[in-house]
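Going by Swiss-Prot, these are the annotated features:
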REGION    67-97  region 'Disordered'
REGION    173-212  region 'Disordered'
REPEAT    229-260  repeat 'TPR 1'
REPEAT    263-288  repeat 'TPR 2'
REPEAT    296-319  repeat 'TPR 3'
REGION    329-350  region 'Disordered'
COMPBIAS  330-347  compositional bias 'Low complexity'
REPEAT    357-388  repeat 'TPR 4'
REPEAT    393-416  repeat 'TPR 5'
REPEAT    464-492  repeat 'TPR 7'
REPEAT    499-526  repeat 'TPR 8'
REPEAT    531-560  repeat 'TPR 9'
REPEAT    565-593  repeat 'TPR 10'
REPEAT    600-628  repeat 'TPR 11'
REPEAT    633-665  repeat 'TPR 12'
REPEAT    671-703  repeat 'TPR 13'
REGION    802-840  region 'Disordered'
COMPBIAS  829-840  compositional bias 'Acidic residues'
């Protein structure tokens, strides 16, 4: 059922045919009077905007339901008089979400609203009909109008106009005149024929599927034909503003303000100036008539304009240094006593469902303090903004993204928020807020919230849910998994600024220089004035060890966005790598002041002082970092190293064991895990717990066999425990992996010298091996002797034969004399031969 734009008769579209129904003039007049929509003017004498209202209070879509309902019970004269009263545009008895329901930015769809395409209900009938659902007062009908900018969200007869316009465009020769009813029938037939022709051209041979869009004009909807000229101009202005046609919006808004002289109309004209970057004109408009003193919306807009003009002191003068709407303690006590006394007249202020202006002003105050580098007051203002209205998510995000709160303070603030204001949406909103908190603590709770959002609310592919997983992986040094998650998001949103910093960090950690180069090149072409662009370029040069170029672009990135923490830390790192300690300390100190809730600048300050051998100063900064984030393995590792250098090995072991406990779920091949294991092994070595130290090193060696330092450390421990062969093997392996390892070279030299000079036990493997080798040598020598005796030398043989002949002759002479020592003489001769042979 539709209402004709030019008459109050209604018609029903059935299969492309328009069936017309007549209404009596009396019924028509009653329809006009009962469905009259009254534009709200909160600046009327009966009510003005308060800090509990939002800009919805000045929206042209706000209606007065109760006033329209009470008009039916009034006499005609009294009813007309009431319509003329300016204060009739306001009624505080309506639902606090009434204006929100009527806003074009809100979509309220019932589950039983029919979809645009459904099969015909009666296939036997020549005209297939679809029964439409009747929409209640607070419900909106889904619209698939191609001519409507707002689609299914528009809650007024602006949708009716667009629907009729679409219908008029779809047929030829359709003319509607309230004076000629027959034209409607003819045009209905023409519409049916046109639809049939169009379907035949498209090749549809089956039954036609049509859609019946039924709207009922109620007191909560806008009927353009029932609005006054000024109200229609306001709708025109609003629609032009929503479509970013600022010249049209400015032209109409200026006329509306001149006609009405209403501060709300001045506010919307100022909005047009503000959105068109004409901030000076917005300031002149509001200050010329002192509108900031009578309209809180104009005051807020004036403060925004001053901020855009970087006139922060003027902006602070407009909105105040403190929240003027904060309750006085005495007033709060009085209200508490009256509530305890069951005072029925005491009630909470009724809001319109939008973000309260009080919260918006607190947020703007925080932005001003943040721009002035007054971070403590900025933190307090942002915290007050989110506590005043939990719907002000931007204030909550500023506290987290700008590192104004420590991880524990973030969770404390989250626990203090009252999510009951969201009603039935409490669960989803609580989880959506939780996934933005710090990942250094309560990681299990955040992981559980991610699972709930993915399973119960089908948000597994949502950017913020994936970003939460990215932050968890990056914090736990799971760079490969983090890189995969980042790439899934960047496939659909290539330049997502929330994902790019972690993605760039993963590329650097994994030494993926090619992807880092391509990303930096695309960013430089697309966003040459973005801080993330030059951060990526600087990180690429850092991966190439071109420190001077990296320093240049880190500086440029920090200038473009002074609140970009990663750029500040990278800029300070370049000075530290170049050995410029003073400049590095200055840069780290600046980052520590800019980001009071971040522990990394304090950690790096401690590392710089430790490199300068100022262990007491290093300890003080490490303690500050530990107080902010006690579960960061980097902090615990550096504290262990610091106490190791102070020869306090018991304390060093305490912090390193705690760090090892924290990184048990981290990637075992990450540099963080390896460093902690190595440092803990050296600590055990200093405490003469060599076996535990060896186990510690071998545990890492199972995960990373290509680390030269691990082999060097194991070689030293085996050398200390007199296991020379294992020591020499590991030291050789260390030098194979890193030939310029001076420690391994020195240790190997000592091991080889010790292997020569050290007296070993009889049971030592080297002794057993030596005995086996010596026995084999003797056997070989004996065999060689036997072989050498078989060699033929004529000269020697002649001498030996001559000698033997002489001996033989002497023996014969002795035998002739009857001597009895022939045997003995023979034996002595054999001994002398053997002796000669041995000497040879």
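Just so you know, glycine gets a Cβ as well, placed from its N, Cα and C.
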Q | Same-chain residue ranges lying at least 6 outside the repeat 'TPR 11' (600-628) that approach it to Cβ under 8 Å | A | 406-407, 565, 568-569, 572-573, 576, 581, 584-585, 588-589, 591-592, 634-636, 638-639, 641-642, 645-646
Q. Taking 263-288, 357-388, 464-492, 499-526, 633-665 as candidates, which has the most Cβ pairs under 8 Å with the repeat 'TPR 13' (671-703)?
A. 633-665
Q: Pop the mean pLDDT for the repeat 'TPR 9' (531-560) in here, whole number is fine.
A: 96
Q | Best-contacting stretch, by C-beta pairs under 8 Å, relative to the repeat 'TPR 8' (499-526) and drawn from 229-260, 263-288, 464-492, 633-665 | A | 464-492
Q: Determine which residues of the chain contact the repeat 'TPR 2' (263-288) at the Cβ level, with the cut-off under 8 Å and only residues 6 or more beyond its ends counted.
A: 41-43, 55, 58, 234, 237-238, 241, 244, 246, 249-250, 253-254, 256-257, 294-295, 297-299, 301-302, 304-306, 308-309
Q.
Using DSSP, what is the helix/strand/coil residue split across the repeat 'TPR 4' (357-388)?
A. 29 helix, 0 strand, 3 coil
